Amino acid sequence: MFACGRVVFLVVVTFLRTVQASTDAAPCVAMETCLLPCRFSPGGDLVVHWYQEKTKHNVHSFYHDRNQLGAQDPSFRGRTALFQDQISRGNASLRLTGVTIQDQGLYKCYTGTNERTMEVFNHLQVNAPVRRVDIQQAEDSITCSSEGIYPQPGLTWSTRPPSNRSLWSPTVQQTAQQLFSISSSVTNPAADLDYICTVSGGGTKRTTTWARPTSINGSESGTTIPCASLPAPHTSLTWRFNHSHTILKQNGSSSKVSDGWTQHVEISTESTDLTLKDLSSAQEGIYTCELSNSEETYVANTFLRVQTSPETRKRNRKMKWKPRVGQRRKNP
């Protein structure tokens, strides 16, 4: 009689539980740094993979207690980082620098430990705000323009006082980087109106006012050319001569006068007006004030006519008269 023994093998199978979550990152600004959050339950043998869903590109990987970037897509090279000191505490958030419009879309953060796996989805939205609105004057037109905006911006004109003038529709163009530029021109602007151009896009809006041109008379000893005041404190002030030569730049409490103008400008950080001294016909021309704060810009053009004294005019006439060699000056 034989005894029959049975050996029973006990196989224990552990099923890893996968948890999914989604979150929307705050809108990111183009060319700045963006944070994509990813939290997980800490555990051993941690693996972290970040993927861009629309392309399936590897954005960043971490395992064996260090970054693993061999499979990283070249478009993300040098632009990604994890918070190394917080990974062990369950933070696998991704810091992405130099954000571009092409970076938009859905991202997946995969984390795996010896206890569970987790997938967190982030939708990255990129905006490029309106940073500046320029108004340039040509012979018979003024042109409003702005660039580097996303998504597609809009542009509107208005006047002060209000008028019934028909204003041109804007022209919109897009660059290879998917950023937009926009412009619009007004031909034969009325001399008795201020023109106001507003550009909106990227969650922001900026306005530039082109004030009607004015003229003033100044003496040789000096004069003050008025600018304007804005509702909110201004952040920058620039004065130019004949549209192209910078006279003064002011940012906050610091002011800088260009070479060639130091003997003619009296600096004041308490006023936006330009105070000039020791003038001659060489300083006669168009003075442009450009005043800005966080939301708007004011541009004013003033023609300065320098009135010379009789003594100066007499001296200038003498300097212009140069006798030829051998020529005697007649007695009066």
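Here the Cβ of each residue, glycine as well, is placed from N, Cα and C on the backbone.
These numbers come from a predicted model, not from an experiment.
The signal peptide annotation in TrEMBL covers 1-21.
Feature annotation from TrEMBL assigns domain 'Ig-like' to 36-119 (among others).
What TrEMBL lists as domain 'Ig-like' is 170-300 (among others). For the domain 'Ig-like' (170-300), the mean pLDDT of the prediction comes to 93.
According to TrEMBL, the region 'Disordered' annotation covers 309-332.
For 314-332, the entry in TrEMBL reads compositional bias 'Basic residues'.
With helix defined as DSSP H, G or I and strand as E or B, the domain 'Ig-like' (36-119) counts 12 helix, 36 strand, 36 coil.
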